[in-house]
Amino acid sequence: MTKLITTVKEMQHIVKAAKRSGTTIGFIPTMGALHDGHLTMVRESVSTNDITVVSVFVNPLQFGPNEDFDAYPRQIDKDLELVSEVGADIVFHPAVEDMYPGELGIDVKVGPLADVLEGAKRPGHFDGVVTVVNKLFNIVMPDYAYFGKKDAQQLAIVEQMVKDFNHAVEIIGIDIVREADGLAKSSRNVYLTEQERQEAVHLSKSLLLAQALYQDGERQSKVIIDRVTEYLESHISGRIEEVAVYSYPQLVEQHEITGRIFISLAVKFSKARLIDNIIIGAE
């Protein structure tokens, strides 16, 4: 049975005991509203580690002034049931006041990796992500931490944070989990209308078009971006916010493609903003 831990102090006590006995800890940080994408990471951790910890914490620091922190879906009872079914040992669900008992005296600034793509549209977002992940790593002290490749920019930033701050954790990137028709699983999909849900499948189809162009030898980013944009414009009613080609994990905008690349999409429907990506090319 999955145990619910609600305080930092109790979580640290459990972790210290586990470390003394040589127990390996796998960790999946989440903001809740869990779906199959999260559960895939939990299953991976359960198959590899002695203890699997899932955090459910809606982090206020990664919400901007025009983003509604209070409206973010919270369903801790359902989340607890879901992770129990796939074998998680602990759900860590602290209060905001416990994670941030006072005003932070040190601001974390991510730098260039956060100045592009999602970071450019949501200033301060990745500073908040890195702050909370840093704190969670210090509390849970995992041997392995699991992040989805759907948030590929976040994954690149967390990997850089681990390197820069010498965290003794290995980051495991988990492939995007998709619906049968190709739509990337996301907590935001529930906000799509029936028509938008039918259209949303074309995000992944446009990425497959980009991949096909690349495999056919196309190396001009503008050509790929234009073709993907044209495809989306003819298949969806949502507003196309971004179609971009960047190196990965360096996140440098590419004009003439060389090496490994990251093709990123962002589309705003009436009540849901969806992102998707594909990583292709040699390392």
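Cβ coordinates come from backbone N, Cα and C, glycine included.
Note that the structure is a prediction, hence the values are computed from the model and not measured.
According to Swiss-Prot, the ATP binding site annotation covers 31-38, 148-151, VAL177, 185-188, on the basis of sequence analysis. When secondary structure is read from DSSP and collapsed to three states, LEU34 (ATP binding site) falls in the coil class.
Under the heading active site, proton donor, Swiss-Prot lists HIS38, citing sequence analysis as support. Take the CB of HIS38 (active site, proton donor) and look out to 10 A: across all protein chains shown you find 26 other CB atoms.
Residues or ranges marked as beta-alanine binding site by Swiss-Prot on the basis of sequence analysis: GLN62. Note on GLN62 (beta-alanine binding site): other Cβ atoms within 10 Å of its Cβ, all shown chains, come to 21.
In the three-state DSSP classification, GLN62 (beta-alanine binding site) falls within a helix. Taken from Swiss-Prot, the feature (R)-pantoate binding site applies to GLN62, GLN154.
Residues within less than 8 Å, Cβ to Cβ, of MET31 (ATP binding site) and separated from it by at least 6 positions along the same chain comprise VAL56, PHE57, VAL58, ASN59, TYR72. Of all the binding-site residues listed (LEU34, VAL177), LEU34 sits in the most crowded Cβ setting, with the most other Cβ atoms within 10 Å. For GLY37 (ATP binding site), the count of additional Cβ atoms within 10 Å of its Cβ stands at 21 [all protein chains shown]. Neighbour counts of Cβ atoms within 10 Å were compared across the binding-site residues GLN154, SER187; the minimum falls on SER187.
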